[in-house]
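Summarising the annotation, TrEMBL assigns S-adenosyl-L-methionine binding site to G117, L137, G138, D139, F140, V141, L142. For 1-232, the entry in TrEMBL reads domain 'tRNA methyltransferase TRMD/TRM10-type'. Under the heading region 'Disordered', TrEMBL lists 251-278.
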Amino acid sequence: MRFDVVTLFPEMFGVVRDLGVTGRAHAQGRWSLHAWNPRDFTHDVHRTVDDRPYGGGPGMVMMAGPLEAAVNAAQEARAAQGLGRAPVALLAPVGRRYDQAGAESLAAGDGIILICGRYEGVDQRFIDRCVTQEISLGDFVLSGGEIAALAVIDAAVRLLPGVLNDGDSALQDSFNDTLSGLLDSPHYTRPEVYEGEPVPAALLSGHHANIARWRRERSLALTVARRPELIESARARGWLDKADERYLAELTGTWDPASETPRRKRKPARPAKASDAS
Ligand SMILES: C[S@@+](CC[C@H](N)C(=O)[O-])C[C@H]1O[C@@H](n2cnc3c(N)ncnc32)[C@H](O)[C@@H]1O
């Protein structure tokens, strides 16, 4: 898999290229990273890549020309390597939020060209001509797209076959289908008692089914408290079994022991109509 990054700060990408899990995978040749500096595609002595915004206002805007030339160079380098044209993604707060499904779909392809904006953003004509998708890291504004691009690359690379030491460990992570798309359960390691706090007894029992049930219930409890929409989505996909539904209903006090099912929510009372008064 090949990542091409268009950035004014290529040195920032040493973080994923050289360190940790992604660094090891890079050294093993499982993925490659190529940085393109738009300044190398300028034609003036100052290597200008930005200018004032038309219409006035604060800040500067990245010019279309150097960005488009950098993208073309990246596509040509990919073609020379026998790869097809890559999608071109601009990191932008106005983009679609990056998530685990996005990382999975990226990991299934052969790479992408990531454009890191700076200043107030990039000339819209570059976006219209060259960009196939806009990706946001979340509802906040960074100083530049590099940190967002690093997150995009890291989340995708760790899903590539053979990248994680324990091949199963990505399957146990939050949002994974194997975990029904729920949040991960808490983790503990030695010492068995830390500052008076013991490890939960279920994890010390050695009883695999009990440990699995404990983890599942912690996942359900955490997810219902923090990300209830993930519970709804797991339910809609048929990923919650009877034991899960019972646990969730017990948590919310809606378990009906007589019928052994969650009590149905009462329908809200019909709003009174004017005609009811007569
Ligand atoms: C200061 S920001 C520009 C913000 C832009 N004026 C706006 O309000 O949408 C500079 C660059 O940082 C990157 N960036 C900032 N926040 C981001 C986010 N949440 N996700 C992805 N990229 C982001 C984009 O590449 C953007 O062009």
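Cβ atoms here come from the backbone N, Cα and C positions, even for glycine.
Location within the structure of each feature annotated in TrEMBL.
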residue : record                               : DSSP class
G117    : S-adenosyl-L-methionine binding site : coil
L137    : S-adenosyl-L-methionine binding site : coil
L142    : S-adenosyl-L-methionine binding site : coil
Quiz item: Out of L137, V141, L142, which of the binding-site residues has the smallest number of neighbouring Cβ atoms within 10 Å?
Solution: V141
Quiz item: Across all protein chains in the structure, which of the binding-site residues G138, F140 has the highest Cβ count within 10 Å?
Solution: G138
Practice problem: Please list residues from the chain of D139 (S-adenosyl-L-methionine binding site) whose Cβ is under 8 angstroms from its Cβ, counting only those at least six apart in sequence. | Solution: P93
Quiz item: For G117 (S-adenosyl-L-methionine binding site), what residues in its own chain, 6 or more apart in sequence, show a Cβ-Cβ distance under 8 Å?
Solution: M62, L90, L91, A92, G144, G145
Quiz prompt | Maximum Cα-Cα separation (Å), residues G117, L137, G138, D139, F140, V141, L142 listed as binding S-adenosyl-L-methionine | solution = 16
